[in-house]
Amino acid sequence: MKKITVLGSTGSIGISTLSIVKNNPSLFKVIVLVANKNSSMMLEQCEYFSPDWAIMKNKKSAHILKKRLKDKKIKTQVLSGNKAICQLAALKESDLVISAIVGMAGLLPTLSAINAGKTILLANKESLIVCGIIFMKALSSNKAKIFPIDSEHNAIFQVLPKFVQKNLGKVNLKKNGVKSIILTASGGPFYNFKRENLSFVTPLEACSHPNWSMGRKISIDSATMINKGFEYAEARLLFNASSSEIDILIHPQSIIHSMVEYIDGTILAQLSVPDMKVAISYAMSWPNRISSGAKFLNFNKLSNLSFFKPDFIQFPCLKLAIDAFSQGQAAMTVLNAVNEVTVSAFLDSKISFNKISEINTDILMSSSFSEPVSVEEVLEIDKKTRIKSQKKISSLIF
């Protein structure tokens, strides 16, 4: 039985992970749950899974949870704060760490798990894209293992040779028969909109993804397609791929989650219904497979699978992220930071949808930082960029 730590248990990835545990109670035991401030959902999760530890980032939420658990005579120990999260991410007893905290908040806990030599199921792409070389060096310096659980990267992982699977980020793709990686994108809810019409879309419309059930932040990232740009960066790092070895195609049906083209002309693809439980369950059970609880794909009901190139004019954030990766680690850190600020402002109805890309571009182009060589330097760039971004948004509002 594998013992599991779930970082971000009340988010969409965390909920999907716990659903898989419910379906496979003889295979997994939850020992640590971590969330931000949703004490009500955390209480329900503690009641069902009886973890040894529950950690709330928010101190007030932790206090509420502790009282409610005591009232119900549940013995789960409650802690709060970032330090506790990082400590429990490295817990010796844990076999799998699900890294599903959204945004930069997931960086330090993920690195803590890596430095402890844990097996990490990575959904928090920000940890990788802002720390890049630092992240991969930490990974190679100990026994830690990474399994991607983004649907696209997991799809790529599934159809790569076993040797590449076991040596992510360390091997030459062409020497292992791989010609290219084809990264698919749904295009979000606005792929067939004209850019000028996007200024008027609401947060609710932008969060209404046609295929996937996701959290609010990643839903907006999908709508701007910056998420696919970040996934491009993630694929470059995880699979040691060059820019010429990755292609991006919009595939509105979200049935083919990505493909790998081999040097003999073969293309292997991973297909399933758009449900994150498929990717997560594979990573949890690799190299085996278990019941995910997802519905099965019915080919009799598939009428069309379409593919086309993304329009960089319509989705400038996609091109911005691709270009930022080529500029280096500092640029990726800046872009991630300003994007978290602009997405939050859009969700709060402070700026329009198109302002996300405009402000992201302005802040990235007007920022100049030396390449970070430590996590502390990454965090400093992140902090300064957030302050600058907030000032920019405030100047537009008032």
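Cβ from N, Cα, C; glycine included.
From a predicted model like this one, the values you see are computed outputs, not experimental measurements.
For the Mn(2+) site that Swiss-Prot gives as Asp150, Glu152, the extra residue drawn from Glu93, Glu196, Glu205, Glu231 is Glu231. Summary of the site annotation: Swiss-Prot records NADPH binding at Thr10, Gly11, Ser12, Ile13, Lys37, Asn38, Asn124, Glu126. Screening the candidates Gly187, Gly188, Gly215 against this entry identifies Gly215 as the one listed for that site. A sphere of 10 angstroms centred on the C-beta of Asp150 (Mn(2+) binding site) encloses 25 other C-beta atoms. Cα-Cα distances to Glu231 (1-deoxy-D-xylulose 5-phosphate binding site) place Asp150 within 10 Å, out of the binding-site residues Thr10, Ser12, Lys37, Asn124, Asp150, Gly215. For Lys37 (NADPH binding site), the same-chain residues 6+ apart in sequence whose C-beta sits under 8 angstroms from its C-beta are Met56, Lys57, Asn58, Lys60, Ser61. Cα separation, Gly215 (NADPH binding site) to Asp150 (Mn(2+) binding site), rounded: 13 Å.
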